[in-house]
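Working notes, structure below.
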Amino acid sequence: MDNSGTKKTCMESTRDFFTSAKFLIYMGHALSTWGDRMWNFAVAVFLVELYGNSLLLTAVYGLVVAGSVLLLGAIIGDWVDKNPRLKVAQTSLLVQNSCVIACGVLLMLVFQFKDQLTELYNGWILTTCYILVITIANIANLASTAMSITIQRDWVVVVAGQDSSKLADMNATVRIIDQLTNILAPMLVGQIMAFGSHFVGCGFISGWNLCSMCVEYALLWKVYQKTPALAVKAGQKEQQQELKQLSPTKDLENGQSPEESSQPLMNETSVVAKSDSPKQRSCCYQMAEPVRTFKAGWVAYYNQNIFFAGLSLAFLYMTVLGFDCITTGYAYTQGLNGSVLSLLMGASAISGICGTVAFTWVRKKCGLIRTGFISGMAQLSCLILCVISVFAPGSPFDLSVSPFQDLYTHLIGEKTLPEAVHSLTGGNITMPTTAAPTQELPPMQSYMSVSLLFAGVIAARVGLWSFDLTVTQLIQENVIESERGVINGVQNSMNYLLDLLHFIMVILAPNPEAFGLLVIISVSFVAMGHMMYFRFAFRSLGNRLFLCCSPEQKVEAVDNPSLPTTV
């Protein structure tokens, strides 16, 4: 029914849904995520192809991207907070897509004229092209981070309004879109490169981003028009209040008491000092502004009442139990082929989608905070299978073999450094464990260990994605509007920091015999993360954490971590 009380027809309801701000956000996010997934998959393949089938450039690119987000996450979030929403979204969109288009065109030129570029100035022109590709791609990733913070952490909250259930449904739908595009987009661009060429793949991605940028720009404008609340930011309200505080006489004329006007007089002094201070500040002081923003962002993150919840999510990134190059490389050493791995990845995606659906159902029954506790216990229970797999028949786990032996062999043995990096990351099926780099792996005697490992990893995705959505909504609901950007920027930095640590852990112990030790360490970090969340949940709910709730009890009002002492 509409506001006039008349019942809408099916066609009118359908039309209203497809023209609503919520659906337009879904469309824009799907287009943006599809382009991101294609580019993230393709750029790694392109860099490997350019550097002679070595993962060296890919490793450098990954390190630059992770380090940039780690250092600039708080600064990006602060920029998001201090600027109008539409300006931030449009700028991030234009920078991101323009960089991807420029990078694609540059890669097309390199693929087309690689032989000629190699001969110019002893290959320095080609090296400069590599540096430009990595630099531009890194800028695109930073813009993508700003776009993600803006849309998924701010616009979605504003569009949902004060409806916690609507916000949960929108978060779950956005995550399902992420899961689907994560499977389908790489498949599409992979087929294009397989039946065409890398040159054609670069051209397709550049063309896609050009068209997608125009459509996304229009969708953002429509969402902004349909949601008037997006035009007003908390920071703008505070600025208006400061301007009013500069004229205490007006406040007195309007009936404000002298006691009430004394505080604005103090603010007036600070505002005037702020306005005069740039003239008096030195150049070094102004150059140190990003450092102060970085420090202030991390301090603000630490002071949040959801600090332990955010930290618990970051700890889940310190794991080898995911479908990345690490797990894929180990699976190859255990005798699994690409066909089996593709099926396992599909099962993992389905499991993740089930987790997003389970999140909305459990949240309605038990409340948001309890959903995180239940999801964490579910994930940890499934990961026990991974620990059991370390000691199951067929496991290569052997503590008598030095974890550093394979690293030492690769770095000083017969292989060159790029080939060593390629083997360390699981690019080769043969990962030698002795001094002979060309030794082949013995045939597998049992698949029980690797079967238990992937059964635990796939089953744990249900709890993992449900827990991720829980923490995401906790941050959305409990961080004030003026700090959403910087807090989510620091959260991204924390995630990247723990992700970097897990790669360092693998580099230090790359041989299959040590993978069981990495599994145990990974499960330990996941357990520590959920212990942090338990502390947050217990402080927020106390004994009520373990009480069963019915839908009629309005658990959202109880599950308010902003008031932990009153619950």
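Using the three backbone atoms N, Cα and C, a Cβ is placed for every residue, glycine included.
The transmembrane segment annotation in TrEMBL covers 55-80 (among others). Counting residues 6+ beyond its ends, the transmembrane segment (55-80) has Cβ neighbours under 8 Å at 43-44, 47-48, 88, 130, 134, 137-138, 141-142, 145-146, 149-150, 154, 290, 293-294, 296-298, 301, 417-418, 421-422, 425, 427, 484-493, 496-497, 499-500, 503 in the same chain.
TrEMBL lists 92-111 (among others) with the feature transmembrane segment. Tertiary neighbourhood of the transmembrane segment (92-111): same-chain residues 32, 35, 39, 43, 46, 50, 117, 126, 129, 132-133, 136-137, 139-140, 143-144, 146-147, 150, 197-199, 202-203, 205-206, 209-210, 212-213, 216-217, 220, selected by CB-CB distance under 8 Å and a gap of 6+ residues from either end.
Taken from TrEMBL, the feature transmembrane segment applies to 123-143 (among others).
For 243-274, the entry in TrEMBL reads region 'Disordered'.
The compositional bias 'Polar residues' feature in TrEMBL is assigned to 254-272.
Residues or ranges marked as transmembrane segment by TrEMBL: 306-332 (among others). Beyond its flanks by at least six residues, the transmembrane segment (306-332) meets 341, 344-345, 348, 372, 376, 383, 386, 425-427, 429, 431, 450, 453-454, 456-457, 460, 464, 467-468, 471, 474-475, 478-479, 487, 491, 494-499, 501-503, 505-506, 512, 515, 518-519, 522-523, 525-526, 528-533, 535-536, 561 of its own chain at Cβ-Cβ distances under 8 Å.
The transmembrane segment annotation in TrEMBL covers 338-361 (among others).
According to TrEMBL, the transmembrane segment annotation covers 373-392 (among others).
If you look at the transmembrane segment (446-464), the same-chain residues 6 or more away from its ends with a CB under 8 A from one of its CBs are 316, 321-323, 327, 331, 334-336, 344, 347-348, 351-352, 354-355, 358, 375-386, 388-390, 392-395, 519. What TrEMBL lists as transmembrane segment is 446-464 (among others).
Summarising the annotation, TrEMBL assigns transmembrane segment to 514-534 (among others).
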